[in-house]
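The block underneath contains the structure these notes are about, expressed in structure tokens.
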Amino acid sequence: MNAPVWWQQLLLAMTGGALGSGLRFAIGASLIQRFGTGFPWGTLTVNLLGSFVAGVLLVWLDARGPSSWPLRALLIVGVIGGLTTFSSLMMECLVFARTDRSTMIGIYLAVTLLAGLALVVAGARTGQWLVAR
């Protein structure tokens, strides 16, 4: 199978991005309804979920070879890119600083980065396990 041309990959990434953004909105709204707005549970959840799924997909798609480029565009660039959000993470740190909760910034960043790294590694290992089956 030939690699898709750039515009095909662009359309796949845009479609996946719309799906990922919709998922982010739904997850965030659900967690705000359940836990309130005192802590950004939605952003933390989507970033950690996205880290794990990105690890799985990266290894799984890599094992499929060049024919996986359309799926990479759709799932990793699109869905995971739309689901996860660095800008919201930074904005929420600013909100913590502006509402006299600066101590939460370090905790939030540490949990996000350390758990995100652990989850992307766990996802990659899960992907290796899936490929080996």
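Using the three backbone atoms N, Cα and C, a Cβ is placed for every residue, glycine included.
Since the structure is predicted, the reported quantities are computational estimates derived from the model, not experimental observations.
According to Swiss-Prot, the transmembrane segment annotation covers 12-32, 41-61, 76-96, 104-124, on the basis of sequence analysis. Look at Swiss-Prot and you will find Gly81, Thr84 tagged as Na(+) binding site, backed by sequence analysis.
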Under 8 Å by Cβ from Gly81 (Na(+) binding site), counting only residues of that chain that are 6 or more apart: Ala13, Gly16, Gly17, Gly20
Neighbour tally for Thr84 (Na(+) binding site), based on other Cβ positions within 10 Å of its Cβ: 21
Selected stretch (most C-beta pairs under 8 A with the transmembrane segment (104-124)) from 12-32, 41-61, 76-96: 41-61
